């Protein structure tokens, strides 16, 4: 019973320290912009897994990769802190 409680407690804390969002490009001309895609879930899934996310997919309406269960330290795009200057 104690082991089951410990597993559930651990799963809870892991879930608390994860987030979902659009990963951003960290260097170059497009720094601060979302990672773009055009209906290519495999590309986005690979990008998200490299960032230690659980899965990723191409969000068609935004033409950008969306990642689920990213660690908190991975920067994600936010409208409030948008620094993308790509044209």
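Keep in mind that glycine also has a Cβ here, set from the backbone N, Cα and C atoms.
What Swiss-Prot records for 33-84 (among others) is disulfide bond.
Under DSSP, residue 37 (disulfide bond) is assigned to coil, being neither helix nor strand in the three-state scheme. Here Swiss-Prot flags 37-58 (among others) as disulfide bond.
Around the Cβ of residue 65 (disulfide bond), the number of neighbouring Cβ atoms within 10 Å comes to 26. If you look up Swiss-Prot, you'll see 44-65 (among others) marked as disulfide bond.
What Swiss-Prot records for 48-67 (among others) is disulfide bond, and it gives sequence analysis as the kind of evidence. Residue 67 (disulfide bond) carries a strand DSSP state (E or B). Taking Cβ-Cβ distances under 8 Å and a sequence separation of 6 or more, the neighbours of residue 67 (disulfide bond) in its chain are 20, 21, 22, 23, 44, 47, 48, 51, 53, 55, 56, 74, 76.
Sorting each residue of the domain 'LCN-type CS-alpha/beta' (19-85) by its DSSP state yields 10 helix, 21 strand, 36 coil. Residues or ranges marked as domain 'LCN-type CS-alpha/beta' in Swiss-Prot: 19-85.
Feature annotation from Swiss-Prot assigns cysteine amide to 84.
Per Swiss-Prot, signal peptide is recorded for 1-18.
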Between 48, 58, which of the disulfide-bonded residues has its C-beta surrounded by the fewest other C-beta atoms within 10 Å?
58
Which one of the disulfide-bonded residues (33, 37, 44, 84) has its C-beta surrounded by the most other C-beta atoms within 10 angstroms?
44
Please average pLDDT over the domain 'LCN-type CS-alpha/beta' (19-85) for the predicted structure.
91
